[in-house]
Every structure is written in structure tokens, then in C-alpha cells.
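Take a look at the structure below.
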Protein chains: 2
Amino acid sequence: MANLKYSRQRASIKEYLAGTVEHPTADTVYMHVKEEFPNISLGTVYRNLNLLADIGDAVKITTPDGGDRFDGRTEPHYHVVCCSCGKVEDLEMSSEEIASINNAADSIFDGKVTSHTTLFYGTCKDCLEKEK
Amino acid sequence: MANLKYSRQRASIKEYLAGTVEHPTADTVYMHVKEEFPNISLGTVYRNLNLLADIGDAVKITTPDGGDRFDGRTEPHYHVVCCSCGKVEDLEMSSEEIASINNAADSIFDGKVTSHTTLFYGTCKDCLEKEK
DNA sequence: CTATGTGCAAATCCTTTGCATCAAC
DNA sequence: GTTGATGCAAAGGATTTGCACATAG
């Protein structure tokens with residue numbers, strides 16, 4: 001288990017994640033944090049995003065297309081990817097419901113199920129309106 | 001919409017997918033199909049796997065680590081990734097239950113939800129026994 | 001004959017890593 | 001002063017793509 005040492009860069013990344021409802025890619029995080037730390041490198045952003053995800057201060061969302069996305073909200077929750085614009089939004093499903101899906105899976109599976117990730121696909125409100 | 005033309009290579013890929021319960025990576029598919037077509041290229045395997053996924057004759061399983069995996073079973077179903085050995089197994093959850101999760105999400109989301117993918121994490125039977 | 005598929009290799013995208021230097025403790 | 005963090009650039013792995021040739025229809 002590694003000993004953590006404070007770093008301004010990591011603090012800034014964490015703060016940015018906490019203050020956005022977007023679900024930015026590593027590159028997007030990089031561009032934003034760069035405003036405060038012009039010399040920060042993409043490698044540092046990746047290292048910190050992975051570190052934050054490892055210690056539970058962020059969530060990595062694996063998506064089929066393009067790069068992974070990161071989320072500062074750490075309680076279990078779901079996401080919807082808009083198939084038209086690619087935006088990722090939170091889906092407010094109750095934690096009870098999420099837990100019950102885990103339990104259902106565990107009771108069916110011949111082994112142990114401890115967690116799951118779900119990614120919904122659809123169309124966001126904005127894109128639905130544009131289609132009209 | 002492109003016109004499909006028969007190809008022995010594609011048929012072989014499809015046949016291999018249909019006959020295995022593994023959830024092979026593109027590379028694994030490549031190595032197997034290579035036994036029948038020693039000159040087949042990885043590019044062709046990728047092109048066909050994506051094509052099969054597009055027309056609904058295969059499913060691409062996006063995983064957080066390593067490459068994506070492919071599945072010849074096309075009815076909606078879930079998967080469990082073993083955190084110890086990395087194996088991917090089917091989870092026999094009923095299609096009603098899967099559909100109800102979709103509906104639940106659609107009723108909550110401010111937009112339209114049409115489908116979802118879920119990946120469960122846990123430990124498979126074999127690895128559970130080894131731990132003892 | 002024409003359109004699609006193939007094999008090959010190069011290119012691309014995203015992410016990780018090695019290393020010298022810098023900052024935290 | 002020791003250890004972890006950074007910046008840079010190079011390496012890495014998975015996947016896609018451009019192109020000339022082969023093959024299905």
C-alpha cells in the first residue's frame with residue numbers, strides 16, 4: 001500500500017471532477033487543469049485519475065467508443081450514453097434497486113458476484129428535441 | 001447500407017463464435033480461424049467481427065482491461081468477469097428481468113433509453129475453490 | 001465486369017512507463 | 001534526506017485504415 005503525498009495537481013484534478021456534471025475524458029480533464037497548471041502533462045493526469053479511481057475518490061467509466069470517462073461522484077449510480085451526441089449523463093436509479101440487481105445476479109451465478117457496471121444507451125433530451 | 005457478399009473467412013469466424021462458450025478476444029478468434037485460413041490477417045478478423053456486431057450476428061463486450069470480447073450469442077444476456085482469472089461467463093438472467101431494468105431506466109431518465117449493457121464482477125466457481 | 005472482401009503494413013488512438021528532476025514530509 | 005510526484009518523451013497495446021490484388025455475384 002503506497003503512502004500518499006499531497007500534490008497541487010491532484011487536488012486540482014479532484015476539484016475539477018467534483019465540480020462538473022460532465023463525465024470528462026482524461027484529455028478533457030487535461031485541458032481544463034492545464035489552465036491552472038500550464039505545464040501539467042497528460043501522463044500526470046492519467047496517473048492521478050487512475051490513482052483517484054483506485055482509492056475510491058473517482059469512478060472510471062469504460063465506454064465502447066473513444067476513451068474512458070471519469071466521474072467524481074462515487075456512490076454507485078448508472079449512466080446513459082446518448083447515441084446521437086455521445087454525451088454521458090447520470091441516471092438517478094435508487095441504490096436499493098442497484099443493490100437488488102447485484103443480489104439477483106449473485107443468486108443466479110455459480111460463483112460470487114460482488115459488483116457491476118451498467119451503461120444505458122439511448123437519446124438525451126436535447127437530441128430528442130432536435131429530431132422533431 | 002452496404003451489400004453483403006459471402007466470404008469463407010467471415011463464415012469461419014461466425015462458426016467459431018457460434019461454437020464456443022468462451023468469450024474470445026479478437027486475437028483469440030484470429031488464432032483459431034488461422035488454423036483454417038493460415039493467411040488470414042488480424043485486420044480481416046477485426047473487420048468481420050465489427051461487421052457481425054453491426055448486423056446483429058454477434059455482440060461486442062467492452063471490458064475495462066485488455067481487449068474487447070466477442071460473443072456469438074445474440075439474445076440479450078449478461079456476463080460476469082472473474083476478477084481472479086479474467087474469464088468471462090454468461091449469467092442466466094431472464095429476458096423479462098433484463099427488459100424490466102431497461103423500462104425502469106427509461107421511466108427515470110429525461111430522454112429515451114433503448115438498451116443497456118451490464119458487466120458483473122466477481123469470482124468464478126473455479127477460483128472460489130482454489131482460494132480455500 | 002463491378003462491388004465487396006482480403007492481406008499486408010502503416011497509421012491512429014488511448015494509455016502507460018522510464019527517467020531525471022522537483023516537491024512534500 | 002527519503003520518498004513520492006511531475007514533466008517529458010518514448011513505448012505500448014488494441015484497433016483501424018489505405019492500397020493493390022483477389023473473389024463473389
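Indices start at 1 and increase along the chain as displayed.
A Cβ is built for glycine as well, from the same backbone N, Cα and C atoms used for every other residue.
Per TrEMBL, the features are:
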- A:C82, A:C85, A:C124, A:C127: Zn(2+) binding site (BINDING)
- A:H116: Fe cation binding site (BINDING)
A:C127 (Zn(2+) binding site) - helix vs strand vs coil (DSSP): helix
Whole-number Å value for how far A:C82 (Zn(2+) binding site) lies from the residue listed as 'Fe cation binding site' (Cα to Cα): 21
Neighbourhood of A:C127 (Zn(2+) binding site) by C-beta distance under 8 A, where only residues 6 or more apart in the same chain count: A:C82, A:S84, A:C85
Which of A:C82, A:C85, A:C124, all binding-site residues, has a Cβ with the fewest other Cβ atoms inside 10 Å: A:C85
